[in-house]
Structures are given as C-alpha cells and as structure tokens.
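A.B. asks: Annotation source TrEMBL lists domain 'Cytochrome b/b6 N-terminal region profile' at 5-216. Marked as domain 'Cytochrome b/b6 C-terminal region profile' by TrEMBL: 218-325. Sequence annotations record features per position, and here TrEMBL assigns domain 'Cytochrome c' to 357-438. Look at TrEMBL and you will find 33-60, 89-110, 117-139, 145-163, 184-206, 233-256, 294-313, 325-346 tagged as transmembrane segment.
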Ligand code: HEC
C-alpha cells in the first residue's frame, strides 16, 4: 500500500496498533518453515468457506433433489465439477494440515504451560473439522453417503443412556431421511462455521496473549526474536500457494465419485468412508458382540479426553522431544496404530487382483458386449441400470452372478437386462471381473 494512503487511513483509523498485533508479533528463535501449518489450515478453511458458498448456490438439501443437484453441479455448471473438486480435496487437505499442525505442536511440547488453553481450543477445533467432514459426507445423498452416515449414527446409538436420544436428534427421528439431510446441511453450513470461526478467534486470541512457543531449547534467554512479518508471512504464503496448487491439481485431474442415488431399502450396500475415517472403519471390523461398544464409543471417548487434557497428563516441563521419551513414545504408538489400521484398510480396498487373467478377460467381455450402455463403472457408462463400481462388495456371491447372467429375470423379476449367449468360461470370467469391483472410485 502506498505510504501516503496508509498514513491517510492511519490518521483516521489508528492502524499502527493493529499492525503491531497482527504483523509485529515476536517469534522467539525467529521464523521457521515448521510453523506454517496453522496458517495453512486457516487458509484451507477460507477455501472451504468460499467453495462451499458457491456449491450452496445450486445444492438442494432434500432427498428428492440433493443427488440430482450434485449431478447438475458436476455436469452442467461451468467449472462446477472443479469447485466441487476443490471443496472435496480441500476437506482432505484440511485434515492433513490440522494433523501436521498438531504433530508439530506435540513434538515441540508447545502445549505445555502456559499454552494449555490454546491446545485445548485446538483439539476442539480438530473435532469440529471432523464433524464438518462427517456431515458433509451425507450431502451428495448417494449410496455411499447414505450408508456411511447410517453406520456413523448407529455408532452414536451404542452409547448407553444418551446414545439413543442423540442418534434420534441427529436423524431428526427414527429413520435417516429428509429431516436428517436438512439437519446435516444446516449443521454443515451454519452451525459448524459459526462454531469454527468462534473457536479460531479464541485460538488466535490466546496465541496473542501467550505468544508463540518457539523452539524447544531450555535456554530461552539466548534466543533471538524476530517479528511475524515479513519472513514468517513469506514462508506461510509460499506453502499456502503450494498447497493450493496441489488441491487445484487434484480437483482438476481426479473425477469425484458419485455412486447411485441413495436407496434406503438396499440394505446390502457396503459403504466405504473417506480415507481419514478408514482406520476407524478397519478397527470396527475386529470387534464384535459384547466388545463392540469398546470400539464404537469407549475407545474414541477415551482418546478424545486424553487428547483434550493432554497438557495436564504430560506435566513434565521439558520440551525437547529427545528428553521426553514417554510422551514421544505414546505419540508414536498412537500414530503407529492409526496408520497401521489405515494401511491394512487401504490394502484390503485396493487389493484388486490385477494379475488375475480371468478379471482381465471379464473386463474385455464387458466392453465387447456393451454393458456400459446401461451400467456405469467408476463414472463411465450409462445410468439406466445399477452402478456396478462396488458390485464386488454388494454382491460377493459368484453363484448369484452366474444365475443372474444366465437369466436376469429369474433373479430380478421384470428386469430388462438382456440375456447374453456366453460359454461357462466367459460367464465365469465376467463374474470374476464383477467380483473385483470393490471401490467407489
Ligand atoms: C439394456 C440394459 C442393460 C444391459 C445392456 C446390461 N444390463 Fe446389467 N442390469 C440391467 C438392469 C435394468 C439391472 C437391474 C435389474 C437386475 O438386477 O437384473 C441390471 C443388473 C445387473 C447386475 C446386478 C446389479 C445389482 O446391483 O444387483 C449386474 C452384476 C449386471 N447387471 C451386469 C451386467 C453386465 C456384466 C452386462 C454386460 C454383459 C450387463 N449387465 C448389461 C440392465 C442392463
């Protein structure tokens, strides 16, 4: 800004003190690339807000129109697919950014006295972001959205005493339907942004009161200090630009999944949650029967409480991670479990038998016979018949497919799917291909 304009404004608005609080905040030990993740998270929130506003221009939060409005955004609106892509990948990136921000804070022991309150507000912000993700997932109202949300709400229902009440509040009744959708929409676009903005303001207010933590050295007196502007501002801006480029590239190059429209009566559909909930989805697979509540609420509640009150559990004033083996060890163990489960889950999901020649053969038959004229797989093909992207999950039974291919009407009375004259070998290959289709994208 030209200095004359600045002086003119300053004489009227008294800007100097504002500049001092915003830009001249001293950072002990100076600017660093490791401090950028808070700003990156904030930027991604702004990106989510901006893209969300544009999506809201066309999105209709009712079961009759939600799916079609998302499809409309994808196919009819100029750059609608791109804005939806930015919002989708922006959400994923926000989870990554906030995770790295927390990791840095943890590693540097920056949550320790006097910054306990800042950490606690941060944990709440993290939970709000995860709630954003959970409520946003339902909005496209496709099969995945519907059944993944069903699982989530059922989990809430397993909490004793209050669970039933809360799951009914979330659903807006006994069934997941119109009220649930409008409720999730309102929470996603009105309640959560308000809470998040308030929380961010509080987080930054506390930061201004206690100041940045700086490096973990004990010898605080010897630390040189540097103001936030210009070098930290520059570093933040560089990383923010890079993150935006990555998000835009992902949005540009990877088409987003949209499975079939939600069908509440198709209870056989097996949804796949977003990658950041996958580790948890994997965990749920291992616990059954009386142990189930352990995974559906006891463990998550314990982890959340431990995270929230961590500054009071780890009271060791030392900040150097090498000299805090217990804290570092528990942090690493936590990451190991989460990423281990995520790894197993991804492996199961993406373990497509690429080398299986029967699958390749089946894929060729699928192309030859023009099945794509009616069916869609991973976004390609017609829409008059069921989307087959995840048919390997929803119908894992080989015999069913063979019977269905030989005579569709015998399994689905009234089906207009034609019979194809195929040999047993061809039928088996086609079925192998069907069974290999397990993922939504
Ligand atoms: C003329 C349109 C049409 C063509 C072509 C067609 N189908 Fe279908 N298909 C349908 C319809 C309609 C259904 C739903 C009723 C049923 O289950 O038969 C269906 C159902 C299916 C299902 C069961 C889906 C489910 O979720 O239950 C599979 C699997 C399937 N088709 C595979 C194929 C394959 C493989 C081909 C190519 C060899 C093919 N279809 C060609 C119309 C078609």
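Heads up, the Cβ atoms here are built off N, Cα and C, so glycines get one too.
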A.B. asks: Report, as numbers and ranges, every residue of the chain located at least six residues beyond the transmembrane segment (184-206) whose Cβ falls under 8 Å of a Cβ in that stretch; write 'none' if there are none.
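C.D. replies: Counting only partners 6 or more residues beyond its ends, the transmembrane segment (184-206) has Cβ contacts under 8 Å with 42, 45, 49, 52, 56, 59, 61, 115, 117-118, 121-122, 124-125, 128-129, 131-132, 135-136, 138-139, 149.
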A.B. asks: Is the transmembrane segment (145-163) in contact with the transmembrane segment (294-313), using at least 3 Cβ pairs under 8 Å (sequence separation of 6 or more) as the test?
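C.D. replies: Taking Cβ pairs at least 6 residues apart, the transmembrane segment (145-163) and the transmembrane segment (294-313) are in contact, with 3 or more under 8 Å.
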A.B. asks: Flag the pair the transmembrane segment (33-60) / the transmembrane segment (145-163) as in contact if three or more Cβ pairs fall under 8 Å (sequence separation 6 or more).
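C.D. replies: Contact between the transmembrane segment (33-60) and the transmembrane segment (145-163): absent.
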A.B. asks: Quickly jot the same-chain residues contacting the transmembrane segment (89-110) by Cβ under 8 Å, restricted to those at least six beyond its ends, or write none.
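C.D. replies: Result: 34-35, 37-38, 40-41, 44-45, 47-48, 51, 119, 122, 125-126, 129-130, 132-133, 136, 213, 215-216, 243, 246-247, 250-251, 254, 274-276, 318-321, 324, 327-328, 331.
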A.B. asks: Who are the chain neighbours of the transmembrane segment (145-163) in space, where the CB to CB distance is under 8 Å and they lie at least 6 residues beyond its ends?
C.D. replies: 134, 137-139, 170-171, 176, 180, 184, 262-264, 269-273, 292-293, 296-297
